[in-house]
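Presented below is the structure to which this report refers.
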Amino acid sequence: MTNKVVILGSTNVDQFLTVERYAQPGETLHVEEAQKAFGGGKGANQAIATARMQADTTFITKIGTDGVADFILEDFKVAHIDTSYIIKTAEAKTGQAFITVNAEGQNTIYVYGGANMTMTPEDVINAKDAIINADFVVAQLEVPIPAIISAFEIAKAHGVTTVLNPAPAKALPNELLSLIDIIVPNETEAELLSGIKVTNEQSMKDNANYFLSIGIKTVLITLGKQGTYFATKNQSQHIEAYKVNAIDTTAAGDTFIGAFVSRLNKSQDNLADAIDFGNKASSLTVQKHGAQASIPLLEEVNQV
């Protein structure tokens, strides 16, 4: 059965620079390549990934009236994303991200939130019909927390599973933590929230146990090329990553989440399989440059 997924999150226009290495303070370096603008934002990336895995995907986001995101709206339509709840506002410009990728494929990202940061609980309430009919509601932290709380409250009241990707990393209020069914941090985000640095298998377990102890039912800690560690009250497992030559890690985590929620059963009885599917999809993403441009189609993932 096809999963119905609502993504609440950011839409950005990404500007990419390819560099041999990162500059030191006060240093000027030549850029290897300056690429044209691409669609991005954690929310948009996750929506694209979910839709390309052929889940029934609705996206709640906010963009400016500046027209710079019009090409992204076309990308959403091509991906068959329900754009009924995409809001245009004159309050701020469309969000932007400035991304540098070095020779090792690692990236740094600087984000201007723009219209994303004008998302309100009222905007979310206007999308209530989509939320209550979903299997999963997914959010990140590139929109205001009150809007996320509103979405998760609606979801929980109607038996919809909530998924939080706590990125960019920041402290979370208890009001939000109490509404999370599945949390998907990376090592840095997990450490910030739990206070436990992820250095080995035991610290991964300790980290996951922290989230379980505060009432979150399912914990996934993404570990980059080391794969994903997951835990529930009944089971835990380290799922290995697929070994590939990574050239750009941009959107790898977003691809993982989109693929994961597209495959996960509502009962979560296929948790390990859904995580492996997410790992497989993200292993394709890191072999290409760009964010949404690098997110694979379901047919490509199935060929791995």
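Each residue, glycine too, has its Cβ placed from N, Cα and C.
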Determine which of E142, E153 appears in Swiss-Prot for the same substrate site as N12, V13, D14, G41, K42, G43, A44, N45, D254.
-> E142
Hey, Swiss-Prot has ATP bound by T222, L223, G224, K225, Q226, G227, G253, D254, N279. Any idea which of N186, N200, N207, N302 it lists too?
-> N186
Tally every other Cβ atom lying within 10 Å of the Cβ atom of L223 (ATP binding site).
-> 19
Counting only residues 6+ apart in the same chain, whose Cβ is under 8 Å from the Cβ of D248 (K(+) binding site)?
-> V101, G105, N107, V286, K288, H289, G290, S294
Out of these recorded positions, D14, E142, D254, which one has the fewest other C-beta atoms within 10 Å of its own C-beta?
-> E142
Which residues, sitting 6 or more apart from T250 (K(+) binding site) on the same chain, put a CB under 8 Å from its CB?
-> D14, F16, G40, I99, V101, N107, I109, H289, G290, A291, S294
